[in-house]
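Asks: Mind having a look at this structure? Questions to follow.
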Amino acid sequence: MAKEKFDRSKSHVNVGTLGHVDHGKTTLTAAITTVLAKHGGGEARAYDQIDGAPEERERGITISTAHVEYETETRHYAHVDCPGHADYVKNMITGAAQMDGAILVVSAADGPMPQTREHILLSRNVGVPAFVVFLNKTDMVDDEELLELVEMEVRDLLTEYDFPGDDLPVIKGSALKALEGVAEYEERILELMAAVDEYIPTPERDKEKPFMMPVEDVFSITGRGTVATGRVERGEVKVGDEVEIIGLAEDASKTTVTGVEMFRKLLDYAEAGDNIGALLRGVSREDINRGQVLAKPGSITPHTNFKAEVYVLSKEEGGRHTPFFSNYRPQFYFRTTDVTGVIELPEGTEMVMPGDNIEMTVELISPIAIEDGTRFSIREGGRTVGSGVVSSIQK
């Protein structure tokens, strides 16, 4: 059977279902695929097809995630759903499943629960830009006032974590009834997807962002100059562009790209995803090192102090067997290099056990090009013991 051509005319958006255990995330995922399939937007997936998510390994961490896809009139969606709470935590911190926006599922019969709060906090810390709320199981609640109360609670909770709680869409429905084909509830699923279409912004694709390339290797070509190689992480670079060399030093230095090579061929420009060699004007072999980045001037700056959301690998995942405390000094692996850093745990937290997730403050011994949302691994003697994402820059 010939493979279908991927339709690029629609914008592509990554979403996921979040929320407390048993509030109906997987049922909703099944309902969305089923209802949209009736309207020609992909194929229906049954609950048990989604629930038996295969285990994946991302940065040495075991995560179960189900991936489904579906389409609306205007967009193509890739949707992730995780079976267990721990899978969400790991997924969001490692960035295994990128989310451009999330559908927060809250059972109208129970209201917001501890994991509802935790998923919202995590989303803020890892930079999920937008939420649409689905109040599920409304068929089990007869009292209209109670529904309004739950909606207010959810809105307040989102506001507490700096999301626009008063303005974001809240759709009421029943995923199970929609799955069973009850027309009134199928309508609510279409209403939900219309809200997702409208409210979750189309992400700026990597190609459109300011240029950045982590330096993997450096060598000099006699008579031509110094070449930095690496994979372009975002944006594009053209011959003649001015770039900054950032990280591992207090100040960034500027240079001009005088040549771009890929697979031994000369190019006029390179874009996100390309593995290239960039020839740099007036830069000596000693001026640039692995672990630095080439970037569009002014687009990213070097920092040493930041707050981060971190998942600590369990013993079974090959992590530490013992807890760690404040002043723990592991290596932080950013893009292509390790830098030593000191950890400070939040007030009232004495230690962190393997398998926990925690917000911590880090101070690196040398500055690295970082920004909110930059991901890293924590390593000890070459093995990964944690995975994290920068939630805010301190200095």
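The backbone N, Cα and C atoms fix where each Cβ goes, glycine too.
So Swiss-Prot has the following annotated:
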type	residues	note
BINDING	THR26	Mg(2+) binding site
DOMAIN	10-204	domain 'tr-type G'
REGION	60-64	region 'G2'
REGION	81-84	region 'G3'
Asks: Could you pull the average pLDDT for the domain 'tr-type G' (10-204)?
Replies: 89
Asks: What does DSSP call the residue listed as 'Mg(2+) binding site' in the simple three-state scheme?
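Replies: DSSP call for the residue listed as 'Mg(2+) binding site': helix.
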Asks: Per DSSP, what is the residue tally for the region 'G3' (81-84) in helix, strand and coil?
Replies: 0 helix, 1 strand, 3 coil
Asks: Count the other Cβ atoms sitting within 10 Å of the Cβ of the residue listed as 'Mg(2+) binding site', across every protein chain shown.
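Replies: The Cβ of the residue listed as 'Mg(2+) binding site' has 22 Cβ neighbours within 10 Å.
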